[in-house]
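Positions annotated as N-acetylalanine by Swiss-Prot, on the basis of experimental evidence: Ala1. As annotated by Swiss-Prot, heme c binding site applies to Cys22, Cys25, His26, Met88. Taken from Swiss-Prot, the feature N6,N6,N6-trimethyllysine applies to Lys80, Lys94, supported by experimental evidence.
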Amino acid sequence: ASFAEAPAGDAKAGEKIFKTKCAZCHTVZKGAGHKQGPNLNGLFGRQSGTTAGYSYSAANKNKAVAWZZBSLYDYLLNPKKYIPGTKMVFPGLKKPZZRADLIAYLKASTA
């Protein structure tokens, strides 16, 4: 199923998902440093593997995907399948509503 078929995202629910599943490795605040994963500020419209100052895997650089709702929705289902060789160890979010919620939060918090 695609992002277009997903339930409407709830940014508040997405914030809880981010804090419990993503914040250990990622930040969203403008100017915040990188952790184990890159800072996600400015994520939408950016090409994978291009955040300044973060050491990406060759897989992320070579995938050259533009991060938008559709690509993130597919990526977050199974990151290692979407970008084989990625350094991201997170196994993914299987529930469509969780992915939609997280994307709603990321859209609001990384702009």
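Note that Cβ sites are derived from N, Cα and C of the backbone, with glycine treated the same way.
I would like each feature placed in context: is it buried or exposed, what are its neighbours, and how far apart are things?
Classification of Ala1 (N-acetylalanine) by DSSP places it in coil, neither helical nor stranded. With a 10 A radius on its CB, Ala1 (N-acetylalanine) counts 9 other CB atoms from all the protein chains.
With a 10 A radius on its CB, Cys25 (heme c binding site) counts 15 other CB atoms from all the protein chains.
Same-chain residues at least 6 positions away in sequence with a Cβ under 8 Å from that of Lys80 (N6,N6,N6-trimethyllysine) are, in sequence order, Thr86, Met88, Pro91. Annotation note: Lys80 (N6,N6,N6-trimethyllysine) sits in a helical segment as assigned by DSSP.
There are 10 other Cβ atoms within 10 Å of the Cβ belonging to Lys94 (N6,N6,N6-trimethyllysine).
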Give the distance between the Cα atoms of Cys22 (heme c binding site) and Lys94 (N6,N6,N6-trimethyllysine), rounded to the nearest whole Å.
15
